[in-house]
Amino acid sequence: MSRADDDAVGVPPTCGGRSDEEERRIVPGPNPQDGAKDGAKATAVPREPDEAALAAMSNQELLALGGKLDGVRIAYKEPRWPVEGTKAEKRAERSVAVWLLLGGVFGLALLLIFLFWPWEFKAADGESDFIYSLTTPLYGLTFGLSILSIAIGAVLYQKRFIPEEISIQERHDGASREIDRKTVVANLTDAFEGSTIRRRKLIGLSFGVGMGAFGLGTLVAFAGGLIKNPWKPVVPTAEGKKAVLWTSGWTPRYQGETIYLARATGTEDGPPFIKMRPEDMDAGGMETVFPWRESDGDGTTVESHHKLQEIAMGIRNPVMLIRIKPSDLGRVVKRKGQESFNFGEFFAFTKVCSHLGCPSSLYEQQSYRILCPCHQSQFDALHFAKPIFGPAARALAQLPITIDTDGYLVANGDFVEPVGPAFWERTTT
């Protein structure tokens, strides 16, 4: 095979000469440039070797063949460190290893914070409240820094160790045949060998530690909710201890307990919650109310302050108290089995959306529509808060209410269904 024939199939100038055996394995076809000049001839590719010749090819031969089959010409390719083992190369290797190890450290920190950091809300008592408030920021900080550190390490490795290469490829169509798969594997193997990662034990170990810790922390963070038993009865109620998901601040702790519908005052120089009477609301209005007991106090003592904080922070506590206009009462449709849950013109629905637990906090007075701004679910307050638009599939849970002997609005029992989004064990629809 002549050098002219070798040039005709586009051998990259960096590949060098070939043995007679190699020349016999790759049989050239017509020159692609001639086909382009003629305009009538299709672009030709090298004739493919048979299976025996393909199996006998070395990785470098497969690499060269793959380039020619794909119409790839390597214009430039040089290693980053022509001389191995220099001090500069070692410094570059250590800098990459540092970033990868940092990724592992932050990934391990994410795992430890998720497992052991105090995440449950407790009433403010100085230092413990501050530690609790750091839980979510620390999740995001350690997760983000772990990803960032590994990414910086990967980018630095590419810039400092992967050979510099400029390749030019002609556009063409082709299917993934056996020969294509073998040559692609050869290219990947060449890239792996050229990256010199095999002999860089420190970087390999650092990468393994970084990705391992990051992956473990991420896996535990996502699977943690599936590992913990959510049905452990820990909340004392009038019917015995129950799991957290079955309860809220409106759940009576003993038979006959009075739980008032209280509005938040938003002031610091007075009680944070005050009881409500029917005359405190205008017709058509909406008020957010919270569960308040006489034993919760007015916040003047440390114990009372803690209890009131728990009321305000309870995720299933906020309730929308809506007063229907007398002229619109005839349009009200009550839910089956809940016909007595309202007190005259007053209806109380949870503020926790039945879609994903977001706060459905917007209310349109003229149409009696309740809107969750997160995913645009809408509920009709005239039709037992049934969803009429958006992804929510269930009505908002309704709280039974009445009035006590002193004329204050009180809960007439607990929610008869879980508050918020669905879960597997839920049977109500």
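Glycine is treated like the rest: Cβ placed from N, Cα and C.
Note that this is a predicted model, so its numbers are computed, not measured.
If you check Swiss-Prot, you get these features:
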type	residues	note
REGION	1-45	region 'Disordered'
TRANSMEM	96-116	transmembrane segment
TRANSMEM	137-157	transmembrane segment
TRANSMEM	207-227	transmembrane segment
BINDING	Cys353, His355, Cys372, His375	[2Fe-2S] cluster binding site
DISULFID	Cys358-Cys374	disulfide bond
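The Cβ centroid of Cys353, His355, Cys372, His375 marks the [2Fe-2S] cluster site; residues of that chain outside this set whose Cβ lies within 8 Å of it are Ser354, Leu356, Gly357, Cys358, Ser360, Cys374, Gln376, Ser377, Gly390, Pro391, Ala392, given in sequence order.
Here the CA atom of Cys374 (disulfide bond) lies 10 Å from the CA atom of His355 ([2Fe-2S] cluster binding site). Sequence-distant contacts of Cys374 (disulfide bond), defined by Cβ-Cβ distance under 8 angstroms and a gap of at least six in the same chain, are Cys353, Leu356, Cys358, Pro359.
Neighbour list (Cys372 ([2Fe-2S] cluster binding site), Cβ cut-off 8 Å, at least 6 residues apart, same chain): Cys353, His355, Cys358, Pro359, Ser360, Ser361, Leu362, Gln378, Phe379, Gly390, Ala392. For Cys358 (disulfide bond), other Cβ atoms within 10 Å of its Cβ number 18. The binding-site residues His355, His375 differ in how many other CB atoms lie within 10 Å of their CB, and the one with the most is His355. Around the Cβ of Cys353 ([2Fe-2S] cluster binding site), a 10 Å sphere holds 27 further Cβ atoms from the protein chains shown. The DSSP secondary structure for His355 ([2Fe-2S] cluster binding site) is coil.
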